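A.B. asks: Got a structure for you, questions after.
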Amino acid sequence: MSSLKERKEAFVSGLEGGSILEINVVTSIALTSYLCANLISYNDTQNIPLGIDFVLNWVAMLLSFTLYSQDIYLLTTLCLIPSIGWFLLNYKRNLKQSKNTVKHTTKEAVQKFELTKKPFLTAYRSGMLILTCLAILAVDFQIFPRRFAKVETWGTSLMDLGVGSFVFSNGIVSSRGLFREKMKDKKDKASSIKKIFAATRSGTTLLILGLSRLFFVKNLEYQEHVTEYGVHWNFFITLSLLPPVLVLIDPITSYIPQCILAMLFSTVYQLFLIKDDSLLTYLVLSDRNTFINANREGLISFVGYCSIFLWGQTIGFFILGNKKTTNNLYKCSVTVSRDKKNRTLWDRLTTVGPSLGLLIWFIITYALSEGLYLIHPQTVSRRFANMPYVLWVVCYNTAFLLCYSLVDKLFGNSSNFYRISTLLEAMNCNGLAMFLISNVSTGLVNMCIPTIDQNDKVSIVILLIYAAFLAMVSFSLYKHKIFIKL
């Protein structure tokens, strides 16, 4: 009879995923929750009550890929109807508030470029983090549909998208550092050596976490899925290596934009995958008799994650600032665009606001994705982070960020009128720390409970307690102004 460890490993192995359409529909519940929160709080300067906040942003997300995975439209309706009803009941006050909001937002007269916090970006990042933290435990229960778990090699799934989205989000955040460096005087700018040292130091913490996870997995009989990253590799190690590796190409980005480098990395890698079957044969079938062979998935997929990270930086160039800057569609610029008459056609085309920039990049990456499939119909592979996977992740995230930004436009939210629910703000402030806590919590639950043997009722109770625990921890850290930077 198989051991519990072997049964759990078999439970997450050999999976083929589901459709991209279903993944889009399921994850749209986070967007629906953000819309509902704005409907409920539209006539009030205070945030929505914590109980409603938790139901919308944690419980609804959990239900979307468990109990309501087959009835996602019903769940969406259950969220929307009460929210719209509340909004309509307070219509007169909402109308008055709308006029006040317009007056408030038209007073923006800041001419200097500054980095600002955008409600839609906080909502997007927090929603993605919540989904990721919930899914890493839920996947170990029978209540979590197997089509949402990570695929073995080829295909798309909810969790495969979550991994890439996490890297993409980190890329957006990292572009803040590029802006800060641009805004410094020449004498205050860090040297290349200092940048490399700082990037290595920031990655060291994550590397220690990755090695710690490896130690506990190997010594506590925790289930392993070797084809995910390899024998010794894990996602924390990938995250730890991104900053020090990508800081090495910073000097190049002065001449070649991040988006071009991202495409170059993906294209060259993809050509190796499709032109010569020997590489693909090695990746899929080779023995794991050396360190490189044992961890080939983690090593080879790093190219794809570098590309995703660079795409995230590109998006950050036009969504993080308070003003449109020249050529911000593709480069880090702090030059505020003012004189429209004297701008060249190229400057006019590549100087964009958040919504337009997101729309442009969505169209471009979607067209590239479709064109690539026509040239060579290799499907998505998160295991190898191939070009179809990279373009899928970028296309999805730009589309959803665009939808979030449109919600902000609809309700008059901006950096000057920053309105976001407390639990989303709390999650955003300690995102990486909460991801670590969720990983540790998942391990503890798995060691204490045979998750694979629990029925649906017990499973959902455990997952709700887990969700409440994570929400409480993030809220407590936020309330006490504890911001953990890893």
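Just so it is clear, glycine is given a Cβ too, placed from its N, Cα and C backbone atoms.
Below, the features straight out of Swiss-Prot:
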TRANSMEM  20-42  transmembrane segment
CARBOHYD  N43  N-linked glycosylation site
TRANSMEM  48-68  transmembrane segment
TRANSMEM  119-139  transmembrane segment
TRANSMEM  153-173  transmembrane segment
TRANSMEM  197-216  transmembrane segment
TRANSMEM  229-249  transmembrane segment
TRANSMEM  254-274  transmembrane segment
TRANSMEM  299-319  transmembrane segment
CARBOHYD  N342  N-linked glycosylation site
TRANSMEM  355-375  transmembrane segment
TRANSMEM  387-407  transmembrane segment
CARBOHYD  N413  N-linked glycosylation site
TRANSMEM  432-452  transmembrane segment
TRANSMEM  458-478  transmembrane segment
A.B. asks: Per residue, counting other C-beta atoms within 10 angstroms of the C-beta, which of the glycosylation sites N342, N413 reaches the highest number?
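C.D. replies: The residue with the most neighbouring Cβ atoms within 10 Å is N413.
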A.B. asks: So which of 119-139, 254-274, 387-407, 432-452, 458-478 is most in touch with the transmembrane segment (48-68), counting Cβ pairs under 8 Å?
C.D. replies: 458-478
A.B. asks: Using a Cβ cut-off under 8 Å, which residues of the same chain at least 6 positions beyond either end of the transmembrane segment (20-42) come close to it?
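C.D. replies: Distant contacts of the transmembrane segment (20-42): 48, 52-53, 56-57, 60-61, 64-65, 69, 72-73, 75-76, 79-80, 83-84, 86-87, 90, 94, 97-98, 120, 123, 127-128, 130-131, 147-148, 156-158, 161, 392, 396, 400, 403-404, 407, 410-411, 413, 419, 421, 424.
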A.B. asks: Can you tell me which of 119-139, 254-274, 355-375 gets the most C-beta pairs within less than 8 Å of the transmembrane segment (458-478)?
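C.D. replies: Stretch with maximum Cβ contacts: 119-139.
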A.B. asks: In the same chain, which residue numbers or ranges, 6 or more beyond the ends of the transmembrane segment (254-274), come under 8 angstroms Cβ to Cβ?
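C.D. replies: Same-chain contacts beyond the flanks: 280, 303-304, 306-308, 310-311, 313-314, 330-331, 368, 372, 376, 378, 384, 386-387, 390-391.
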A.B. asks: Could you state the whole-number distance in Å separating the C-alpha atoms of N342 (N-linked glycosylation site) and N413 (N-linked glycosylation site)?
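C.D. replies: N342 (N-linked glycosylation site) and N413 (N-linked glycosylation site) have their Cα atoms 31 Å apart.
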A.B. asks: Is the number of Cβ-Cβ pairs under 8 Å between the transmembrane segment (432-452) and the transmembrane segment (299-319) three or more, considering only pairs separated by 6 or more positions?
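C.D. replies: No, the transmembrane segment (432-452) does not contact the transmembrane segment (299-319).
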